[in-house]
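Asks: These came from Swiss-Prot, pasted as-is:
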DISULFID  CYS7-CYS29  disulfide bond
DISULFID  CYS13-CYS34  disulfide bond
DISULFID  CYS17-CYS36  disulfide bond
REGION    26-34  region 'Interaction with Ca(2+)-activated K(+) channels'
SITE      LYS28  site 'Basic residue of the functional dyad'
SITE      TYR37  site 'Aromatic residue of the functional dyad'
MOD_RES   ASN39  asparagine amide
Amino acid sequence: TIINVKCTSPKQCSKPCKELYGSSAGAKCMNGKCKCYNN
């Protein structure tokens, strides 16, 4: 799921993804936006 959070690295996406989808959520930075996924 791509969320409306700007990023330059996956580390910036980890916290918002975990807040939205729970502590097991993964995070990537794609095209300047965060992408969250459940493993």
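Just so you know, glycine gets a Cβ as well, placed from its N, Cα and C.
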Asks: Which ones, of the recorded positions CYS13, CYS36, ASN39, have a Cα no more than 10 Å from the Cα of LYS28 (site 'Basic residue of the functional dyad')?
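Replies: Checking Cα-Cα distances against LYS28 (site 'Basic residue of the functional dyad'), the recorded positions within 10 Å turn out to be CYS13, CYS36.
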Asks: What whole-number Å value do you get for the CA-CA distance of CYS17 (disulfide bond) and TYR37 (site 'Aromatic residue of the functional dyad')?
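Replies: Rounded to a whole number, the Cα-Cα distance is 8 Å.
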Asks: Quick one, of the disulfide-bonded residues CYS7, CYS17, CYS29, CYS34, CYS36, which Cβ has the fewest other Cβ within 10 Å?
Replies: CYS29
Asks: Please report the number of other Cβ atoms within 10 Å of the Cβ of CYS13 (disulfide bond).
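Replies: If we count other Cβ atoms within 10 Å of CYS13 (disulfide bond), we arrive at 23.
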Asks: Can you grab the distance from TYR37 (site 'Aromatic residue of the functional dyad') over to CYS13 (disulfide bond)? Cα atoms, rounded to a whole Å.
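Replies: So the Cα of CYS13 (disulfide bond) lies 11 Å away from that of TYR37 (site 'Aromatic residue of the functional dyad').
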Asks: CYS7 (disulfide bond): which of the recorded positions CYS13, CYS34, CYS36, ASN39 have a C-alpha within 10 angstroms of it?
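Replies: Checking each Cα against CYS7 (disulfide bond), the hits are CYS13, CYS34.
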Asks: Which recorded positions from the set CYS13, CYS36, ASN39 come within 10 angstroms of CYS29 (disulfide bond), judged by C-alpha positions?
Replies: CYS13, CYS36
Asks: Quick check on the recorded positions: of LYS28, TYR37, ASN39, whose CB has the lowest count of neighbouring CB atoms inside 10 Å?
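Replies: Selected from the recorded positions LYS28, TYR37, ASN39 on minimum Cβ neighbours within 10 Å: ASN39.
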Asks: Whole-number Å distance between the CA of the residue listed as 'asparagine amide' and the CA of CYS13 (disulfide bond)?
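Replies: On Cα coordinates alone, these residues lie 15 Å apart.
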Asks: C-alpha of CYS13 (disulfide bond) to C-alpha of CYS36 (disulfide bond): distance in Å?
Replies: 8
